[in-house]
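**Student:** So Swiss-Prot has the following annotated:
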BINDING   Asp32, Ser33, Glu34, Tyr35, Asp36, Ser81, Leu82, Glu110, Arg133, Glu167, Lys283, Lys307  NAD(+) binding site
ACT_SITE  Lys112  active site, N6-AMP-lysine intermediate
BINDING   Cys401, Cys404, Cys419, Cys424  Zn(2+) binding site
DOMAIN    586-668  domain 'BRCT'
Amino acid sequence: MAELATRVQELHHLLNKYSHEYYVQDNPSVPDSEYDKLLRELIDIENAHPEYKTEDSPTVRVGGEAQATFNKVRHDTPMLSLGNAFNEEELRRFDARVREKAGKVEYMCELKIDGLAVSLKYENGRFVQGLTRGDGTIGEDITANLRTIRAIPLRINKPLTFEVRGEAYMPKKSFEHLNQQKEEAGEQAFANPRNAAAGSLRQLDSKLAAKRRLSIFLYSVNDFTNFHAESQSEALDELDELGFKTNQNRKRVSDIDGVLEYIKYWTAHREELPYDIDGIVIKVNDLEEQEELGYTQKSPRWAIAYKFPAEEVVTKLLDIELSIGRTGVVTPTAVLEPVRVAGTTVSRASLHNEDLIHEKDIRIGDSVVIKKAGDIIPEVIRSLPDRRPEGTEPYHMPTHCPSCGHELVRLDGEVALRCINPKCPAQLVEGMIHFVSRQAMNIDGLGTKIIMQLYENEIIKDVGDLYYLTKDDLLPLERMGEKKADNLLNAIEASKKNSLEHLLFGLGIRHLGVKASQVIAERFETMDRLFKVTEEELLEIHDIGDKLATSLITYLNNKDIIALIEKLRRKNVNMTYEGIKTSEIQTDSEFNGKTVVLTGKLHNMTRTEASKWLEAQGAKTTSSVTKNTDLVIAGEDAGSKLTKAEKLGTEVWSEDEFIQKQKEVENK
């Protein structure tokens, strides 16, 4: 058995070495047949002796048992998106904002890979968890699928604990191979490599994900505790040394003119790459300067994404279809002769509203120019009258709602036509789709098709009915099995615990967005209190205007809405605010207004728990030590951050000192 254990270790070493050479260094030293032979040997050993199978065995690359669903997990640090720039002027404005606060800076330019953002967590050098971006705060655990990507090391060459983020993508060759297989099987092909990558990583069966030949580029470190890097370029170099795959087409430049030269080059050469890119990411290189520049609520101030100009193509307008949104707005959509735009097959595009259709004189049968704004949303930008066939007529919107037949109206100050019938079937269905969405009640698995079936079969008439669904209601639906029905009912049950702001946003009250829902829920705390709120009380809140105040009061005074809320209450849907209130932040705390960095391993709490406590005291927690840092709390094995704090003369506490201070604060 000792010989067998030695052989298993040897196979691990060889397979990891050959995989790294092929998928990361792009320089294989052995043919595929040799790798496959060794992998087969290891699989056979593990099948005969399961005690030798480990979580980081190279055999996990081929996938494992199918999962029932993906667990939702909160990111330790939110995965923020980047602000966008579409031209030189916007880039120069970004540069001016940076220089105004940080002075002359060096930039790091990186290719913006068109894939799926993921976060990888390592503990003591082993890959233990991988999450999707999700909504930036909560992602889905797709660890099993990410383990099948051979460019992701299952174990690195140092016993470090940290988180690294990157973009999983499908190379062009893998995409072509996959679509060829789909076409041969009579299945619908993927529109582009990005969709194929996202779809592959959301396969519940990791064996299927393993066949999709995905790869990854890592681009950022979430926690620099165990790193020596003082810049983005040094961080990427350290990732290289640890065995991660980073994009080697990155470049440090001294100013915005260097950024523009880099963009010019890759705009001309992007098609030569073996993978898709949809822009360039520009980051301030120095980590201390990044910290000084800080963040907005949505994105870092020290980085921006330049998006390539939209590609324009000509195709034929076959028809104009109308859709009714949850607020009753009637939106015209162009039905097109399918055409490839920016790597995607497009058959539908936005026409916005009737005024724009008339202004551009767009007619059914026309040849039209379409583009994908930001390489994402297709829209019709103009018609080509010189190619117009004889007999075409100017397009006119209907006078009555296509869904319910109610007369359409145009409200004062609006260009859109709107159906104002509150019982319009199309609006009710769209309202339900909104209610279950991620930022609202977040009912996973309850998609458009299921909602449509439930509504058309008269099983549900409003969102309240969702909480009265039974397995017997669900099982007759298309593609609905026992397990799927159970998962759906569990997701509905779990949504009852959501904080009040999720319910408010989910109700689809006109003019009420995510942020305003949060502010109002925090201010008034319960739905009962909201039913008694006055317009004057609402207008006292910063950022709540006349339109929203009037809309909310009108909504809450509607007898049908009162009945709906009672219907939800009878099923124990939470109607109170569960978050930390701004008013509860201890403004008199000695931590209030201080910038604190947590580093090293804490034994009595997680760093997330420590951060939440500090933030409740009015402190701001950040990830790197700068001259603006007031305090560093250093746990076990604190690394370069502790060294830097000592160098800057920043106050440093041990975990024991921090716990003692917590007790003093809480006993005041």
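Yeah, the Cβs are placed from backbone N, Cα and C, and that goes for glycine too.
Could you place these features in context, so I can see how deep they sit and what lies close by?
**Tutor:** Counting only residues at least six positions away in the same chain, the Cβ atoms of Tyr107, Met108, Glu110, Gln232, Gln290, Trp302, Ala303 sit under 8 Å from the Cβ of Lys283 (NAD(+) binding site).
Within 10 Å of the Cβ of Lys112 (active site, N6-AMP-lysine intermediate) there are 21 other Cβ atoms, across all protein chains.
In the three-state DSSP scheme, Cys419 (Zn(2+) binding site) is classed as strand.
Mean per-residue pLDDT, taken over the domain 'BRCT' (586-668), amounts to 83.
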**Student:** Take the mean position of the Cβ atoms of Cys401, Cys404, Cys419, Cys424, the recorded Zn(2+) site. Which other residues of that chain put their Cβ within 8 Å of it?
**Tutor:** Ile324, Gly328, Pro402, Ser403, Gly405, His406, Leu408, Asn421, Pro425, Ala426, Gln427
**Student:** Counting other Cβ atoms within 10 Å, pick out the least crowded of the binding-site residues Glu34, Arg133, Cys401, Cys404, Cys424.
**Tutor:** Glu34
**Student:** Sequence gap of 6 or more, Cβ distance under 8 Å: name the residues on the same chain that satisfy this around Leu82 (NAD(+) binding site), in order along the sequence.
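**Tutor:** Leu82 (NAD(+) binding site) has long-range Cβ partners Val281, Ser299, Pro300, Ala303, Ile304, Ala305.
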**Student:** Provide the three-state secondary structure of Glu34 (NAD(+) binding site) computed with DSSP.
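**Tutor:** Reduced to three states, the DSSP call for Glu34 (NAD(+) binding site) is helix.
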**Student:** Quick one: pull the CA-CA distance for Arg133 (NAD(+) binding site) versus Cys401 (Zn(2+) binding site), whole Å only.
**Tutor:** 38
**Student:** Between the Cα atoms of Lys112 (active site, N6-AMP-lysine intermediate) and Cys419 (Zn(2+) binding site), what distance do you get, rounded to the nearest Å?
**Tutor:** 41
**Student:** How big is the Cα-to-Cα gap, in Å, between Glu34 (NAD(+) binding site) and Cys419 (Zn(2+) binding site)?
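**Tutor:** One finds 66 Å between the Cα atoms of these residues.
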**Student:** Let me know how many other Cβ atoms fall within 10 Å of the Cβ of Cys419 (Zn(2+) binding site).
**Tutor:** 24
